[in-house]
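According to TrEMBL:
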TRANSMEM  91-114  transmembrane segment
TRANSMEM  126-150  transmembrane segment
TRANSMEM  170-192  transmembrane segment
TRANSMEM  204-221  transmembrane segment
TRANSMEM  250-278  transmembrane segment
TRANSMEM  290-313  transmembrane segment
TRANSMEM  386-406  transmembrane segment
Amino acid sequence: MTSSTVMNYDIENDDSFTQPVGRWSVLYYGSGHMLNDITAACWFTYLLLFLTDIGLSPRGAAAVMLSGQIADGFATIFIGELIDRFGHFKIWHGAGSVLVAVSFSSVFGGCMPCRILSTSTLKVETISYCVFAAIFNVGWAATQVAHMSMVNCITLNSTSRVVLTSCRNAFTMVANLSLYAIAFIVFSVSTAKTHADLENQYRWIAYSSIFIGCCFVGIFLSRTEEPRLKMGLRGNSHARISWAYWFKKILYYQVALVYMLTRLVVNVSQAYLAFYVINDLRMGQSAKALVPAIIYICSFIVSILLQVTGISMQNVLVGEDLSGCAFVCGTLSFLDKMSCGIAVYVLQSYQSMSPTVLDNNSSITSLTVLDNNSLISTSYISVTRFGLGLIPAICSLVSVAVTFTMKLHTPYSKPLVEPLLQ
């Protein structure tokens, strides 16, 4: 009997891999995505609003987001392949977190190349933000794929996999509410009268988010062990599953579609909520944080149900085929990022500049014309009704219809009379 066969036999007959995961282990695992979640909440809620407020056109702001989403999408596949090949989830997670922390402040910290080159042309600003957005999303992708694919390698117990995923989403809620709390404080205590003031507001939000997220990442890296299942269930780390194996599965396409649609519901609606509050309802600055927080809390159950369903289906798809778990996570995330980036870019292509009319002494202006010392707003076309209403509704209905066509089975499933946690 070869050493790989012995390892395979030992793991398949080790009850510890099919027993419920301890509650502290679940908690430590869930904290690992906190930095990604809090920066993603800021990214989707405030990026487009921030960029258009500092002078970029709606299409230019969408190009920045699209560049980040494209970089994220391709990085997830590439990083997923490397993780499947070499393993070391925690190393990828830590490296990605460092890249996220370093680059995120540059996205919301103003145009660094503009200060270096002593120029503030629209073209240089757009290119600068596109580059930093891409760097940020590459780091974000490394952390996400490593963290998501760990679930399948921590345990074979299907119930524990759901618990781990649920804990991860619970921390997502904590991250979102933390971001909105920070933003509410910043928008309430400071007033943005110039571009510099506006950049300072978002810089404080970004720095505070990074600090909180890094604290939780430190807990995750110090308290979570590297999964042992990766090396043993299928012989060794080099016994990888071909990509074609997944592409021949109907369930792969069904899960991919449901996951993509559920993420579209969350991300697109989140991206346009702040626009709706400020530009359409003309509410105060603090409402940019308060209203999204209230809506997020009210829709929490539905939102989390959608996300848990999508990720749990992903875990069922992987099952015990652990040598391809990172590839599955990567390709599904690729569809998520590309679809969101394209959807936002298409919507922003029909979005006109903000209709906000400010006094003549303000340095922050929308697309206006000066006529007899007064500011007159140009015609305004809002696409927020599509971002907040039509797209989420269609995506939800389609995902429900696809879900009913699935044939799901879990090889290690047991009746739900066992404890969820030890």
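Backbone N, Cα and C atoms are what each Cβ position is placed from, and that goes for glycine too.
Three or more CB pairs closer than 8 A are found between the transmembrane segment (91-114) and the transmembrane segment (204-221), so contact between the two stretches is assigned (pairs 6 or more residues apart). In terms of C-beta pairs under 8 Å, the stretch of 126-150, 170-192, 250-278 lying closest in packing to the transmembrane segment (204-221) is 170-192. With a threshold of 8 Å between CB atoms, the same-chain residues lying at least 6 positions outside the transmembrane segment (250-278) that come near it are 41, 44-49, 65, 285, 287-288, 291-292, 295, 303, 306-307, 309-311, 313-314, 316-317, 328, 331-332, 335-336, 339-340, 343-344, 347, 354, 356, 382-384, 387-388, 391-392, 395-396, 398-399, 402-403, 405-408.
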